[in-house]
Amino acid sequence: MPMYTVTVATGSQWFAGTDDYIYITLVGTERCSERTLLDKPLYNDFERGAVDSYDVRVGEILGDIVLVKIEKKKYWVQDDWYCRYVTVKTPAGDYVEFPCFRWLVDDKEVVLRDGQGSHLPQDEKTSLVKQHRQKELETRRKTYRWKEWQPGFPMSIDANRHRDLPRDIQFDSEKGVDFVLNYSKLYSHFNILSSSWSDFGDFERIFVRIKNTISEYVMQHWKEDFMFGYQFLNGCNPVLIQKCTKLPDKFPVTHEMVSVSLERDLTLEQEIEAGNMYMVDYKVLDDISANTTDPCTLQYLAAPICLLYKNAQNKILPIAIQLGQIPGDDNPIFLPTDGQYDWMLAKIWVRSADFQYHQTITHLLRTHLMTEVFAIAMYRQLAAVHPVYKLLIPHIRFTIAINTKAREQLICECGIFDKANATGGGGHVQLVQKGVKSLTFRSLCFPDNIKMRGVDKKEDLPTYFYRDDGYLVWEATKSFVSDVVHIYYASDETVQGDEEIQAFVKDVCSFGMQDFDYCEFPKSLKTRAELIEYLTVIVFTASAQHAAVNFGQYDWCSWIPNAPSTMRKPPPNKKGMADVNLIIESLPDRGRSSWHLGAVWALSQYQENELYLGMYPDEHFIEKPVKAAMEKFRKQLAEITSAIKRRNEGKKLPYYNMSPDKIPNSVAV
């Protein structure tokens, strides 16, 4: 009797093994095998990390093996099982590999396609595999459903809790990402009982417990104008600074106001024409409701405008700050020539506004929520055998899970966000709703975003490392994506004829982004170039962009006066009011400072067993040309890492947030 040898690999995650019964059915082009129990006498099958082999005897040759059906049936106590792959050795000695990389739960069965090639839908040759592909997607669309968490938000997964998610996209362990548990531990670590501060030294006493080199440097220099300006280039929110080509009417700065700050014997207008002026405008914060969840502590927000000057040493310095959007006698323009504390307080208000914008729009909306949209659409519209599914799956790992956990504990009503942030209690929802209106597809394209802000020329801003490193990672990522696309798409017509890709892109726009008129996401792709750019946006957003705005949070935000999560006094409406006591009373109290410190510490931590950009241990692709493209990608990333390391040598403020060795593959924290 012909014999097929079946090899099954179990995952190495905790609790990946099973004691349940595992059955297999081999489906060939000519006939199917009997349903066969995979079991070896007196042997503990399917242990965590195991690779087990079994013989399957058949009456006749099955033909080419195209599908494998695996079933899990309860033995005693139901347990989940993670299958990495199945390999079938035919009687002729050929090997056929069936990638799985998924969990089997609750007497579940899965049908696997052979991994000898990644298949576009138009290339399927038999009705059997076409039906399998269609059934797979129909099942996924029932499992991965869209839901609007808040009006005006990008759509998210239809699940209220992490435990409600499909097993394949849950965290291996919830413990490491339990925000309440982790923050409470850190909160108790500080053992802070009093509600108010005495002076800046009090901040230092809680800060020094877990300080690092950059955060300590920030603590020492946060009052200095160069440090304030530098953060717009290389802090954790380096996405707002833009070239000032004309001062808006709402910001009536005059030459007389700022002449003492100018170094080139030029007027303000001439400095603007020379390209030496930049601006940051927090208009999106205007009219956002401040946190009122604690009736005992009033909290305040502002929507500042800040004028920045590139001096003769190429440093970016603030030279004028207006704390509201409407000019007037009760909304003065603060200047470096004002009193020490007036200027310090004005800068603190800008830093607080920057923190709100960063957390809610730059970080939450433009990386977390957007990656979730791409992830859900991918699961709904791309079969597991599709090459784009295989390309994207490492870059959406755990994203839906971390976002669900955030909606469950962090940004929900009475969540941790409400405890510390001025935009808690609903302001963060309003801010996302307003932020979505400027979230166009082109704004997610890194080179376009840089150019739109007028900060693309290196000679203008020679120390804008976020831009320089971002360009390198973008181009390397785009080159890799291009290599993969050209392997599977012979022409633009191939892209146009791929019904799954077209459905994926349409799902993102029409459902994920709810067809918002202002989002300008494409509903179809006509060329390979468009597909390459689209996929590069997804991979870059989930990896490099998220890393750039996430993992520096403790560096830049742990010294609380440099990034106050809330303000307890209203912004000053005239000059001469500020003194050190007003500043201390304006900054967050001890309790909120502790929640804030716990948050930025936890969010800056890498996951255990993190997978960094270019690391693909799950071999969804087994084709040699793709593996060669991956190796080329890794070499490019290694060269970028080395170049960044050389540039950082000897710097007191090294910039490494876009270094590939510190860029996780996906949004997972």
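Here the Cβ of each residue, glycine as well, is placed from N, Cα and C on the backbone.
Unlike curated entries, TrEMBL annotations are predicted automatically.
Here TrEMBL flags 2-118 as domain 'PLAT'.
The Cβ of G17 (Ca(2+) 1 binding site) lies under 8 Å from the Cβ of T10, F46, E47, R48, G49, A50, D79, W81, each of which sits 6+ residues away along the same chain. Under the heading Ca(2+) 1 binding site, TrEMBL lists G17, D79, D80.
The Cβ of D39 (Ca(2+) 2 binding site) has Y21, I22, D45, Y54 as same-chain neighbours under 8 Å, each 6 or more residues away in sequence. For D39, the entry in TrEMBL reads Ca(2+) 2 binding site.
According to TrEMBL, the feature site 'Essential for stabilizing binding to COTL1' maps to W103. Neighbour list (W103 (site 'Essential for stabilizing binding to COTL1'), Cβ cut-off 8 Å, at least 6 residues apart, same chain): D80, W81, Y82, C83, R167, D168.
Among the features that TrEMBL reports, domain 'Lipoxygenase' is placed at 118-669.
Feature annotation from TrEMBL assigns Fe cation binding site to H363, H368, H546.
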For H363 (Fe cation binding site), nearby residues of its own chain (Cβ under 8 Å, 6 or more apart in sequence): H546, V549, N550
Residues in the domain 'PLAT' (2-118) grouped by DSSP into helix, strand and remaining coil: 0 helix, 59 strand, 58 coil
Around the Cβ of H368 (Fe cation binding site), the count of other Cβ atoms that are within 10 Å: 23
Least buried by Cβ count (within 10 Å) of the binding-site residues D79, D80: D79
Cβ atoms near H546 (Fe cation binding site) (within 10 Å, other residues, all chains): 25
